């Protein structure tokens with residue numbers, strides 16, 4: 001099979017291997033002769049490379065996996081722990097989680113480009129685990145404590161772990177970058193399965209405090225393994241001045257700008273099924289054995305949707321796959337979730353949506369890396385997610401405004417809102433793809 005090539009934002013093709021003659025330093029000069037570029041070329045395999053993917057996936061499980069499981073927290077808060085407060089105010093905790101994770105992404109990515117993972121991953125673990133244990137001692141009907149521990153402190157730590165782990169795969173892999181990024185983003189999906197099931201099983205037996213402490217011990221173990229297994233590929237360099245931490249020049253490229261706008265619109269609605277599918281099930285069909293598992297089913301198929309399409313994207317094109325999958329996931333919201341009249345149809349929606357929304361999370365970093373200099377990958381991925389943060393902050397709370405009285409009619413309005421906004425985001429992502437290459441049957 002011929003070697004695949006990719007089209008960059010200037011219309012030329014990129015080989016999956018580095019051209020050592022074209023490697024430039026951040027200042028625009030050649031790599032100093034004492035630094036052999038071969039030492040830093042992505043290996044596309046090897047023990048250190050794959051162990052780094054493992055450790056990065058575990059960090060993803062503890063950080064964004066905890067956020068993906070917020071639907072289970074939301075159900076418990078609405079029904080019991082914070083029942084004195086509105087659904088919108090409770091959903092704002094989850095929205096704040098995503099917002100803070102994303103808003104600091106640009107800074108954390110730039111810091112990673114400078115110092116590597118050895119300081120960031122342990123520091124992230126300390127803050128994340130501490131915040132979870134602090135969450136375990138919060139009191140019922142004191143929502144400000146949830147905002148402080150779960151909404152703010154946790155995510156300040158999580159962003160300095162998760163986004164460096166997304167960026168580091170590009171240091172180790174080039175031909176398989178979409179696949180390995182998918183493996184890393186599968187970690188959050190695993191967390192989205194484990195944490196809701198743990199809460200469903202443990203809350204009746206141990207109560208809120210010890211349930212959260214058990215989750216904290218799981219995260220502590222995962223971070224210890226991650227610190228051992230994540231290896232830097234590129235050397236550290238002097239910390240850049242603050243004016244150069246964020247790569248605003250990336251927005252001069254039409255593809256990057258369109259990709260950012262499309263991602264912003266998509267993130268505005270893409271989390272609504274994650275946050276509200278369980279609550280919809282309990283309203284539409286009453287409490288049943290399936291109620292606590294809709295989110296787990298969604299996250300389980302999202303694992304396949306993040307890893308599988310990564311393999312396909314490395315052969316068919318990352319932009320081709322992310323655009324197609326995001327369009328299909330938006331259609332599913334309107335065609336399947338809106339019309340679901342049985343528990344079986346809602347299970348089908350959760351399974352299909354998890355699979356088709358997964359590529360958005362898995363391939364977005366790979367799409368950014370494809371059009372970015374390798375020394376700026378961390379900063380540009382971070383900039384992308386920081387730009388998306390405002391959409392993440394407002395999307396789910398606005399969705400919550402549609403379901404104030406929690407009736408089926410209210411949920412139908414939420415579903416229509418989510419599907420239409422998702423279609424709009426898909427259209428802009430398609431524009432990004434065609435700005436890179438106007439031909440249809442090309443690997444992009």
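Heads up, the Cβ atoms here are built off N, Cα and C, so glycines get one too.
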TrEMBL feature transmembrane segment, matched against 85-107, 177-199, maps to 85-107
Transmembrane segment per TrEMBL, picked from 29-51, 144-166, is residues 144-166
Averaging pLDDT over all residues of the domain 'Major facilitator superfamily (MFS) profile' (255-444) gives 89
Given 85-107, 251-271, 319-340, 346-369, 381-403, the one sharing the most C-beta pairs under 8 Å with the transmembrane segment (415-436) is 251-271
Under 8 Å Cβ-Cβ from the transmembrane segment (210-230), and at least six residues away from its ends along the same chain, one finds 51-52, 54-56, 58-59, 61-62, 66, 117, 121-122, 124-125, 128-129, 132-133, 135-136, 161, 165, 168, 194-195, 198-199, 202-203
